[in-house]
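Asks: Sending over a structure as structure tokens; questions will come in a sec.
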6 protein chains.
Amino acid sequence: MSKDPKVQPRYTGIPTFMRTPYAPTLEDIDIALIGVPFDGGVTNRAGARHGPREVRNQSSLMRTINQATGVAPFDLVRVGDAGDAVPDTPFELLAAHKSIEEFYEGIKAAGVMPISAGGDHSVTLPILRALAKDGPVAMVHFDAHCDTGDFYLGSKFHHGSPFKVAAEEGLIDPKKTIQIGIRGGVTDRDIWKFSYESGMRVIHIEEFYEMGLNAVIDEIKQVVGDSPVYVTFDVDGLDPVYAPGTGTPEIGGFTTFEAQQMIRSLADLNIIGGDVVEVAPPFDPSGVTALTGATMMFELLCVSAVSLKRQRGDSTSCENGG
Amino acid sequence: MSKDPKVQPRYTGIPTFMRTPYAPTLEDIDIALIGVPFDGGVTNRAGARHGPREVRNQSSLMRTINQATGVAPFDLVRVGDAGDAVPDTPFELLAAHKSIEEFYEGIKAAGVMPISAGGDHSVTLPILRALAKDGPVAMVHFDAHCDTGDFYLGSKFHHGSPFKVAAEEGLIDPKKTIQIGIRGGVTDRDIWKFSYESGMRVIHIEEFYEMGLNAVIDEIKQVVGDSPVYVTFDVDGLDPVYAPGTGTPEIGGFTTFEAQQMIRSLADLNIIGGDVVEVAPPFDPSGVTALTGATMMFELLCVSAVSLKRQRGDSTSCENGG
Amino acid sequence: MSKDPKVQPRYTGIPTFMRTPYAPTLEDIDIALIGVPFDGGVTNRAGARHGPREVRNQSSLMRTINQATGVAPFDLVRVGDAGDAVPDTPFELLAAHKSIEEFYEGIKAAGVMPISAGGDHSVTLPILRALAKDGPVAMVHFDAHCDTGDFYLGSKFHHGSPFKVAAEEGLIDPKKTIQIGIRGGVTDRDIWKFSYESGMRVIHIEEFYEMGLNAVIDEIKQVVGDSPVYVTFDVDGLDPVYAPGTGTPEIGGFTTFEAQQMIRSLADLNIIGGDVVEVAPPFDPSGVTALTGATMMFELLCVSAVSLKRQRGDSTSCENGG
Amino acid sequence: MSKDPKVQPRYTGIPTFMRTPYAPTLEDIDIALIGVPFDGGVTNRAGARHGPREVRNQSSLMRTINQATGVAPFDLVRVGDAGDAVPDTPFELLAAHKSIEEFYEGIKAAGVMPISAGGDHSVTLPILRALAKDGPVAMVHFDAHCDTGDFYLGSKFHHGSPFKVAAEEGLIDPKKTIQIGIRGGVTDRDIWKFSYESGMRVIHIEEFYEMGLNAVIDEIKQVVGDSPVYVTFDVDGLDPVYAPGTGTPEIGGFTTFEAQQMIRSLADLNIIGGDVVEVAPPFDPSGVTALTGATMMFELLCVSAVSLKRQRGDSTSCENGG
Amino acid sequence: MSKDPKVQPRYTGIPTFMRTPYAPTLEDIDIALIGVPFDGGVTNRAGARHGPREVRNQSSLMRTINQATGVAPFDLVRVGDAGDAVPDTPFELLAAHKSIEEFYEGIKAAGVMPISAGGDHSVTLPILRALAKDGPVAMVHFDAHCDTGDFYLGSKFHHGSPFKVAAEEGLIDPKKTIQIGIRGGVTDRDIWKFSYESGMRVIHIEEFYEMGLNAVIDEIKQVVGDSPVYVTFDVDGLDPVYAPGTGTPEIGGFTTFEAQQMIRSLADLNIIGGDVVEVAPPFDPSGVTALTGATMMFELLCVSAVSLKRQRGDSTSCENGG
Amino acid sequence: MSKDPKVQPRYTGIPTFMRTPYAPTLEDIDIALIGVPFDGGVTNRAGARHGPREVRNQSSLMRTINQATGVAPFDLVRVGDAGDAVPDTPFELLAAHKSIEEFYEGIKAAGVMPISAGGDHSVTLPILRALAKDGPVAMVHFDAHCDTGDFYLGSKFHHGSPFKVAAEEGLIDPKKTIQIGIRGGVTDRDIWKFSYESGMRVIHIEEFYEMGLNAVIDEIKQVVGDSPVYVTFDVDGLDPVYAPGTGTPEIGGFTTFEAQQMIRSLADLNIIGGDVVEVAPPFDPSGVTALTGATMMFELLCVSAVSLKRQRGDSTSCENGG
């Protein structure tokens, strides 16, 4: 009973994220893994409210060392599962966002870096409201949609608009924002014009494949520079075969291999947090979406751990945690 | 191309409810089959927003005559698919309810009887607001839950409370309300006390099996009498093996055969409308829940057609439509 | 109730193709979206009879503008859902084909361009019999199989032979036919010899990847030229991960992204119609095949709309419909 | 490698029916277990062509002794898997029926009793044509539908009509035919009038529950008497929760327990063969339908073995095979 | 963040059993809910190793009060989730059993009553070895199989034999053991003879329905009397429609309603612990088996809490915890 | 009944591998297709015990000629289904491995080349023990994991260690072993150090994509040379979208197209046998994994047949079997 859960059979034990210790008090941790079980902002298929539960479940398949990069995040920093940012009032979008924001204010106040599992993409807005209180941050945004839309079905706030609001509220700097994987039909020719007019770098999937992976990675680094940066990964940026369980799938996306290479390139940035959103288990009969989400969260944890350690000026012998 | 869709292969054609004509203008119909794709009131698993779509799909398996009772509803009255009561503002529960209410005000104004497919059970409230404007009606309510709860997660309005609100607003007469199939755990010993204190007849599943089906049917008739009555059928009243695709399943419920017998007994009542709610397709991999929902809707249509014809004083030779 | 269904939530309303108006009389439309629910020609797994129903369902996720190309098909031409070409006698293959042919004769007589969702691939034969009455047309054919086979299980007509018959009947010009994505095992070394001997251009998947996407696109244009051309897209041309729900899957196919690029390149051709066939929902637990099929149909609609407008000599300011 | 497959782990080995020896030559067997992979007669959802494959698969869970009755069929008679009655021409209903008939003529000529797994219910017609060549037999028929319908979609022969044809052809004696479990909607008030007018005993599900199981069993025996009798079990006679994977499910049917009691009561009859039909694996995600079908086939085998032994005048010490 | 998880939305938070506090140190709890993720003893389909994970997940749907009996277990006694009895050596059956036994020795030493979720039924043996060290206990056993078999596939220890071994080791008193729901085929006429010869009361499903529920309940009480009793519930005792996700399903079992009534009748017995075993999530696409397992565990907790309080001589005002 | 099963409809007949004759006596065959239904060595999700059954099922979709290479394996050599290597004692890993080894000793003694379907990867060890008795062989190994790990959960033998043991026992020559597709997290930085230290060529997926497919193929040939070589294909080497049904999926793998090219390149090697392992049907709702496994087995058969014929000095006119 005293063994490290991370080395026991994967199907055993209570599924915290990546089998890290449950740490709701935030004491003794540097990075908090957090669930945000809210999908009141979806415009089509709900289900992302169950995302944190299933990502935790599948995250038992994660291990402790990133074989490709050598990073051992749990050796670099202290990581815990801080539980869920439960929206107290799930029937009211604005109030729900408010309670999520308050949860993350606690995270920020504790000096802990959050890596979150959504929930729909609307939850990134209250997270940013808590994290970017002191000024706009840069953002790396993987997605099929720019999510800089306007009023829809009577609401300014939904999972298609968080980054327009975030920019307007001064939480992100559009000129230091890059959006990758954009595609699919639109109902309004100007739906993403806010992205363009505000100066965001938008890489449609066609341009993505014309540029090639390495050029995209260079572009990310150039756009962000050394600004503090938030990384948000919507699983619908991936092709639906890698993430069928999501609310608004769009065929023709990038692969998990490409996503892994892009995330791994972020270790040099000054990451302040990140999230993986829109995993919707009811539409995921084989569980592959949650497994993908959990692995993306692990990749994000690896680069965030390296970045955090460097930001703190900690340059002990082995950066990889070995 | 000119054939009656109801006699073509079931997998063909655009799936209106029971392959009835699409009749959004409500002209020339006596009974409207309506979808209410809203699940913003659920407290656990969303998905009933997709209910109307899948119930329409499976309703292609319905035919034109009820073999057990001989009723041929399409011969008795004119039936059409009036489309969906689309909530204009799905992100706001109260506004969504308002737009549903307005849709049903149009139905009532047209003198058409509605039989609806939800959506979560919260949608019965705005339907009743439209239908029972002139005074409280009786109600026959099949469900695992009384749905007379109070504030939950910051809202008075959700799928666990519509009938408390409806009674308080004078839409239903509690003393003429009967609730059948109640069971499952509760978090508050007094959660359904409103049902008891207001005088509703509550038949828990244990009492149901002690009484036997015939006694339950008698009790329904005695409670309702000749009052105008609304019939609401939550598929979670059924045992989950008949309706796994629902938001809050509770094991140990009644069977579809028992449900059919109960609904068929309602032909003598003065029905003003009814609904089948809480079919949640994302949790229904085999489609059996939607098939069950569609069949319950057909059974409800049969007794409603007989009742409507009788209420209108129409007593031509064959009541069954033969 | 009077709103455009295309801007309402995707899970609402009766699912016509892409939420276009139901237009069985063919009045006031330029392009008809049509279902052909027949799978009596399959040699292995049936299920494509349910294809039109599920493609209609998933097509609610389509929007009005093709973001990659800027084409807005519903602004360029008038598009409607003409319902299903229902085979009156599904138990008899030849008679079923006959009734499908008659349906399409009506389409042709009305001067409407058909874009269809099958059904198995045998249905393309009666469609061509109606459309190509006046002489052979060119054909662009995406598939894992050449479908130019001979008698099988006692029948000359099945989903593995339509294009041999079509060529023999003078409906398609083999020398202006290109078949892309061919692969999988065969039971007869000469099974596709008709393709070769008649002069069709056959691109096996191995050659596809050796040539590269751009060369394949060039080849399509060179083979077809400015002849009137029919485009037929069998979803089993895609790798089965993009289209598991199909009758005869063959691993190792092209991707949806590649398919999109190829279809988008067809706008310069003189398209007379097209189809997306072999979506078999019973083998598609996650729904991804129907979503893929719907999106391919949308891509096909976009280029067909541009082509039709150009063929009609209509060159108003913005070709994209903006 | 020399062990009896029936005592090895159930997931091992090549799945013959109940792990009996493969016996296509019919030598040395008394009862043949046979698959009839044909579903060209279905009016709605195809898939029963895959029934034999999956029933064989799940039949590995069967064992050698019926615990409830003590019957050990493999000790009483010699049982083998005779393979499939493959329709040579699956695209043509009549020709397919003909090739099935010929297969069963071989079975009859060999003096072997067939117990079959369909396939759709239309296959019972060619089976009877082979078995009842010498005069009409009695029939016990479990089903939701009487299957005595007329022309449908242009064909007299389909899975809704075999027993009208069988009676007309003198294969079954309507007065010695009993149909149990009938229910569901109909499109024609007189659809089953042939059953009534020809003298079949029709027990609707409502009457079934009014009579009670024992009275139904008595009725079966009274109708059949000591005539040679064929037993046909359509899994859609069961409630769909026991058999969701079927072409035309009708809610409100009998249970597997009730079915088992009814079949077990048939040991005293003079059985000449039987079948279990309409298992459609593509609609059976959990496999429960195939398991149910396999178990019904085993129950049928048990009573058939007892009956056959008795008919042959073989009354050695232990009738149960012990 | 400080709220009681049991009153937050069910899809939120880390899924301990019934959202009780995680209590691996066993301090401050009276009853421990425990997972035993081991299925190395199954003879057919593995998967029960994932049972505890999914039962925990679905147990979020449980609430705090048993509406039928009024029992509020969490008010009567202190309940916690003690984590999993992880087998250290899952590749070796005997060693795995040993490590499970040691886990339960810790439970017993702490004076805590265990209620467990398996795992396959072989795990009940090591549990009994720990709990019944001081002498044989009575046992109430719900199952389709007696599980008193002998050597199979080279091993005396597997999920078909635990109770023969338990009786031989003096852990259970066969004369105070009752086995309910037995059915299905057998490969050996004497497979369960140990049950009979040792004096266990075996109620086959046929006798179950002949006796009726009330008589069965009386029989349970008579067999057990006031001896300390262990309750073991194999979900395959239920009909497979209620529990398709299990290793060796047998059609024709009892219902969840009947199971609930039987378990509720056990409150007067002197319960020392219990378990719910054989939930195998990989075979449970709709999740209904895990929901059923979780509810059975809750029912078992309710009667165990009442029993424990009474055994401890604690007879404060309201036995139900109100 | 006398027809070649390989030319009948794919859904018919008893599913031997690729519809070859059942040949348990090994007479008259050159290559044996064998199932190894054992998964007692998995460290996470069991299910591969059902692999042979489902691979046999899906292998009905295979045909007789490899269209890409022209190889007709059934014309080149005599191929049969030799049944399953059933582990007599599935509860004991070492004894199970022993009985598998004995089965393959029989295969080797008969001079037959085995191509097997697992089962988990631990079964390759006993296969090699039988085949490589006379000295170490070369090995081509497709996998996400090197499977050269050490003790885990108390056992040296499990599906993560077979090739360390095989090398230590002198069954494979590490310097002639190449491992392709390695990726995923690890819990021990040195987990695969045995591969490196013993001289195996390890190609991680990142290196795989840097090198390109042709260079990888060259490397395979260079490492193996003309040594006798065993080919082992773990389906988790593929990206999980191609093989979701497996025990330890790792995102970011190679495609089936790439796998096909690599296997096809092996025809020049001196193949002595091969296997496809880790197909776990319970986690494969769409069946795509079993289809992929069956196709990989067919590709392996094609090159093995060519290789065997060449090794036997048989150089008749057409190497492809035409």
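Cβ atoms here come from the backbone N, Cα and C positions, even for glycine.
Those TrEMBL annotations? Automatic predictions, nothing curated.
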Asks: Looking at Mn(2+) 1 binding as recorded in TrEMBL, which candidate out of F:Asp30, F:Asp236, F:Asp239 goes with F:His121, F:Asp143, F:His145, F:Asp147?
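Replies: That Mn(2+) 1 site, as TrEMBL gives it, pairs F:His121, F:Asp143, F:His145, F:Asp147 with F:Asp236.
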Asks: Same chain only, sequence gap of 6 or more: which residues have a CB within under 8 Å of the CB of F:Asp143 (Mn(2+) 1 binding site)?
Replies: F:His121, F:Gln179, F:Ile180, F:Gly181, F:Ile182, F:Thr232, F:Phe233, F:Asp234, F:Asp236, F:Gly237
Asks: Determine the Cβ neighbour count for F:His121 (Mn(2+) 1 binding site): the number of other Cβ atoms within 10 Å of its Cβ.
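Replies: Excluding its own Cβ, the number within 10 Å is 30.
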Asks: Test of understanding: give the count of other CB atoms lying within 10 angstroms of the CB of F:Asp147 (Mn(2+) 1 binding site).
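Replies: Other Cβ atoms found within 10 Å: 27.
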Asks: Tally every other Cβ atom lying within 10 Å of the Cβ atom of F:His145 (Mn(2+) 1 binding site).
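Replies: So the number of other Cβ atoms within 10 Å of F:His145 (Mn(2+) 1 binding site) is 26.
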Asks: Give me the sequence-ordered set of same-chain residues, not including F:His121, F:Asp143, F:His145, F:Asp147, F:Asp236, with a C-beta within 8 angstroms of the centroid of the Mn(2+) 1 site's C-beta atoms.
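Replies: So the additional residues around the site are F:His141, F:Ala144, F:Cys146, F:His159, F:Gly160, F:Asp234, F:Gly237, F:Thr248, F:Val277, F:Glu278.
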Asks: Validating a neighbour-count step here. Other CB atoms within 10 A of the CB of F:Asp236 (Mn(2+) 1 binding site): how many?
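Replies: Taking every protein chain into account, the count is 27.
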Asks: Note down the number of other Cβ atoms within 10 Å of the Cβ of F:Asp234 (Mn(2+) 2 binding site), including every protein chain shown.
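Replies: A 10 Å sphere around the Cβ of F:Asp234 (Mn(2+) 2 binding site) contains 27 other Cβ atoms.
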